[in-house]
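According to TrEMBL, the protein has these features:
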TRANSMEM  87-107  transmembrane segment
TRANSMEM  114-137  transmembrane segment
TRANSMEM  202-221  transmembrane segment
TRANSMEM  227-247  transmembrane segment
TRANSMEM  331-352  transmembrane segment
TRANSMEM  372-392  transmembrane segment
TRANSMEM  413-433  transmembrane segment
TRANSMEM  465-484  transmembrane segment
TRANSMEM  496-517  transmembrane segment
TRANSMEM  541-565  transmembrane segment
Amino acid sequence: MAISGEVSSELEAPLVADTDNTVNGAVDYKGRPSIRSKSGSWRSARFIIGVEVAERVAFYGIEANLISYLTGPLKQSTAAAAENVNIWSGASSLLPLFGAFIADSYLGRYRTIILASIIYILGLGLLTLSALLPSLINSECQVGSKLGSCSTESQVILFFISLYLVAIGQGGHKPCVQAFGADQFDEQHPKELKDRSTFFNWWYFTMCAGCMGTLWILNYIQDNLSWVVGFGIPCAVMIIALLVFYLGTWTYRFNIKGHGKSPFVRIGRVFITAARNRQATAIQEETGGTLPPKSSQQFNFLNKALIAPDCSTKEGEVTCSVVEVEEAKAVLRLVPIWATTLPFAIVFAQSPTFFTKQGFTLDRNIFPGFDIPAASLQTLITLAIIVISPIYDRIFVPIARGITGRPSGITMLQRIGIGIFISIFTVIIAALVEMKRLQTAQEFGLVDEPDVTIPMSMWWLIPQYFLLGAAQVFTMVGLQEFFYDQVPNELRSMGLALYLSIFGVGSFLSSFLISVIEEVTGRDGHESWFANNLNKAHLDYFYWLLAALSVIGFSLFICFAKSYIYNHKGISRG
């Protein structure tokens, strides 16, 4: 089969005119021109969405309860466990940059997904083994004092090796699967372009719906039955996902990869050439090339890449073309949007760490003999997404479309901004609830009893979880579509990796904040904001700090969003 995610030049089929029957610039798994009625669109997207649901079940099945495993079987402190979770989450969100580079430059999306899935399965298998290791070693270690040291050291080493193998596998899988799914919709075709915007909405909705029920079960198994089984199920799910993805091969559209230089090389060359010719005069800039009238008004310093006299490799061949300069500008325009959404990512990082630790201290009893696992409270975020996503797609978008005339109702940046605004209220409410929890602990004399359940219902946490879910419907989906749509076509895996990197850097920033605050507030024998005894800690202060950072980030985001010039491709988006 001539497949690679993007078909390589030696397998390239001739480009065909875009008609109702064929898709321009795409081929099927045998390298033949792709037939619209037999490939792509929702026919292929269903397979790919199913694969993503399985992958997210596997990933969140590990991440959602990771802090419980670190503070439980591995006996880490709350602050150390939160830092480890944030560092791993950050690495998991930054590694897609490497995976996207491999896909866009060498292997293509299809092959990268296959390879990443194999690494993913290996990591999950070893993770399961690490949970099983203590019982295996304990059966051989019969000397009492050596029993703990025999198992713990080996278990910790294997655990973290396998955990980061999962991160590497996810790094190749995550950006490529979503980009490959969006590739199944032809942006030159009016209906498919509209369907592609809907695809991003239903992608997130289906992923969350599929995860919600399974995560409840996984968290219960991990907390009450067996970590071995709790880690083994995600491994089995990923094996099934790989098989499903392969079965859909005959329906996929594969983009034709051209003969030109790597997009990374082209964009890099623009910046280098512009820097080399920074002394160019205004007259030279005006005569250096024909510039598009609107988008080139931003980042004019890059126009210098068009006029360098020593920029030709062959007679009549200009090293940096207008198209290449515009590609570089499109990428550069993303940087302020990327940076100003980082406070949202820091807020997002709190749900699997401190939100979960708050839940541990509250009354989680549903009926006698059954307590909801604290990590399962995160499914309230998923529930909010499941409820709000159809409302957004079926009610909000049509109403907004009638007002604005835009196919998507509102712009991508407007959608992102609404979610950031909601996230501000998320941490404000989280701070107020935490103040109430601390007050309740004092009233009942439980400040020095960290293991005693505080007589305060877990339902107090519903608003902060639900608002975080609502924020994700707007910001997360908006960022996915924005970074896929606004990068050059050949860099769409990298575009989605940039979106994911926001949350990677956000996790690292969260970890950095925790480390600094832990050091500063814990001096001279004082209890830090993140004391192991949460009844003496001050998570409320931390949440107020995050609220302030979010307000600053939101203000900067509005400034940059107002001046942003969209990179329109294909059919006009209105």
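Each residue, glycine too, has its Cβ placed from N, Cα and C.
Simply put, out of 87-107, 202-221, 331-352, 541-565, 202-221 has the most Cβ pairs sitting under 8 Å from the transmembrane segment (227-247). When each of 331-352, 465-484, 496-517, 541-565 is scored by its Cβ pairs under 8 Å to the transmembrane segment (372-392), the top-ranked stretch turns out to be 465-484. When each of the listed stretches 87-107, 114-137, 331-352 is scored by C-beta pairs under 8 angstroms to the transmembrane segment (496-517), 87-107 comes out highest.
Within the same chain, the transmembrane segment (413-433) packs against the transmembrane segment (541-565): three or more Cβ pairs sit under 8 Å, each pair at least 6 residues apart.
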